[in-house]
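Here the structure comes first, spelled out in structure tokens, and everything after it is commentary.
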């Protein structure tokens, strides 16, 4: 089994080298085109505060893609968790007990969505893309119905610190992202469930016939994905000091892009967390550089789509 897992990691290691070359190239271009503006303290702090939210969503996407699946409901789940938590917190913003109840309510919401996604895929046999697309549509509708499409705001300072605070100059959201990235890395690399996830992505039928309960593993995967969405919801609420059904609609594409760019095979089977982290740095660096150069956000979004298509094409050719 270890031999199989080691062989599956080789393409990702090469992918990491490519990302390092791309990152150096982008930094060199930014140094020549924008001068000191790109490397200013304010710009670097802005980049480090924006990356964690996308990073958590990319982790939520990647853990599903490693099995050969996908989770299109990550943004809807994040917004659902944030709306549930916001609705509870605003009942008594200064109450510590209400804050705890809100966090628990958001976590329960995430677990329920994860269980529903996992059950549809593992036990009913619905394809991941259709199951999570249906779940995304259902949750989006419920989010708007319950909230009326309005913004919920007015959170306690204790929550806002998670989105805008810092520890020894390091943004709190970045610390959260790194902590959960390390936790997911440990789960994937050093636990039986992690090995099962890689094997399922490589050959789900062979894994099932070997006696491993792939249905249970799939259920766990989508619950883990939804729980990461819950953490992303906390960061998003704290960062914006509000919750709304339509937040983060453009993040879905970037989460998929960061996963694929980081070396996660869309068909499952290989990929490493370090690759996703490096891909996020590349994407955030590129986006920040384009903003400084005055490039339209719509053109940037089109660029993300083009890069995603290109990398999937290259991975298919390598396969």
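Any Cβ shown, glycine's included, is placed from N, Cα and C.
What TrEMBL records for 18-39, 51-75, 96-123, 129-155, 167-188, 219-238, 250-283, 295-314 is transmembrane segment.
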Open item on the list: Let me check one thing: do the transmembrane segment (219-238) and the transmembrane segment (295-314) come into contact, meaning three or more Cβ pairs under 8 Å with sequence separation of at least 6?
Closed with: no
Open item on the list: Three or more CB pairs closer than 8 Å, sequence separation of 6 or more: does that hold for the transmembrane segment (51-75) against the transmembrane segment (295-314)?
Closed with: no
Open item on the list: Using a cut-off of under 8 Å between C-beta atoms, tell me which stretch among 18-39, 96-123, 129-155, 167-188 contacts the transmembrane segment (250-283) the most.
Closed with: 18-39
